[in-house]
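TrEMBL has this to say about the protein:
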- His98: active site, proton donor (ACT_SITE)
- Trp31, Ser65, Phe66, Glu67, Cys90, Val91, Ile92, Phe123: 5-amino-6-(D-ribitylamino)uracil binding site (BINDING)
- Glu95, Thr96, Arg137: (2S)-2-hydroxy-3-oxobutyl phosphate binding site (BINDING)
Amino acid sequence: MASRLKNLSDFSNTEIPSAAPYRFGIVTAEWNAEITNALYQGAYDSLVEHGASEDHIHSYPVPGSFELIAGADVLLNNIANLDAVICLGCVIQGETRHFDFICNAVANGLANVALKHNKPVIFGVLTTDNQQQAIDRAGGKHGNKGVEGAVTAIKMAHLAKSIKI
Ligand SMILES: Nc1c(NC[C@H](O)[C@H](O)[C@H](O)CO)[nH]c(=O)[nH]c1=O
Ligand SMILES: CC(=O)[C@@H](O)COP(=O)(O)O
């Protein structure tokens, strides 16, 4: 298994551009808040660590991961000059197939929002079998999906700027 032996948030062997020129949105689901709060802190701290201005990070909560779709769309429609939106959530398998519907809808919905706005919309949603897998990926042994989302947002914002020039 890919994540069995490594920290998925280890970017020590990759070059990460400065985040200073860019404006970011962060939408965070409130379901499984003890997990998503850790994802958010990882994302926020990573953006600042790489040079983003705190005034250029626009953070909003939504009820659940399904609402990340509308949340990302609202931010891109109403906050000027966003370079990327990071969407953070944690969907944990329950007794029914609801998990499957939420996960598929969120992945497809966020991709559609990105295409609609021609802006990077980062899928920072944990989709786990159980709570422990989520803990392991929200600052545990397998890293922090929020950190991964922030680095991805910085790289994609830099890419867009590079191509436009
Ligand atoms: N079970 C989880 C949910 N379910 C709620 C949905 O995301 C959505 O808010 C509801 O269906 C109303 O539209 N959300 C999560 O983020 N994580 C879960 O484990
Ligand atoms: C992903 C979900 O919506 C899930 O956690 C809800 O649990 P259940 O499938 O038992 O209703």
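Yeah, the Cβs are placed from backbone N, Cα and C, and that goes for glycine too.
Nearest neighbour of Glu67 (5-amino-6-(D-ribitylamino)uracil binding site) by Cα distance, taken over the recorded positions Glu95, Thr96, His98, Arg137: His98. Least packed by the Cβ count within 10 Å, out of the binding-site residues Ser65, Thr96, is Thr96.
Counting only the Cα atoms, the space from Glu95 ((2S)-2-hydroxy-3-oxobutyl phosphate binding site) to Trp31 (5-amino-6-(D-ribitylamino)uracil binding site) is about 16 angstrom. Burial estimate for the binding-site residues (Cys90, Ile92): highest at Cys90, by number of other CB atoms within 10 Å. For ligand 1, the neighbouring binding-site residues among Trp31, Glu95, Thr96, Phe123, Arg137 are Trp31, by Cβ distance under 6 Å. Most other Cβ atoms within 10 A: among the binding-site residues Glu67, Glu95, that distinction falls to Glu67.
Here the Cα atom of Cys90 (5-amino-6-(D-ribitylamino)uracil binding site) is found 10 Å from that of Arg137 ((2S)-2-hydroxy-3-oxobutyl phosphate binding site). In the three-state DSSP scheme, Arg137 ((2S)-2-hydroxy-3-oxobutyl phosphate binding site) is classed as coil. The Cβ neighbour count for Arg137 ((2S)-2-hydroxy-3-oxobutyl phosphate binding site), using a 10 Å radius over every protein chain in view, is 25.
Recorded residues Ile92 (5-amino-6-(D-ribitylamino)uracil binding site) and His98 (active site, proton donor) have their alpha carbons 10 Å apart, per Cα-Cα distance.
Geometry remark: Phe66 (5-amino-6-(D-ribitylamino)uracil binding site) versus the residue listed as 'active site, proton donor', CA distance 11 Å. In this structure the C-alpha atoms belonging to Val91 (5-amino-6-(D-ribitylamino)uracil binding site) and Arg137 ((2S)-2-hydroxy-3-oxobutyl phosphate binding site) are separated by 12 Å. Residues Val91, Glu95, taken from the binding-site residues Phe66, Glu67, Cys90, Val91, Glu95, Phe123, are distinguished by a CB atom under 6 angstroms from ligand 2.
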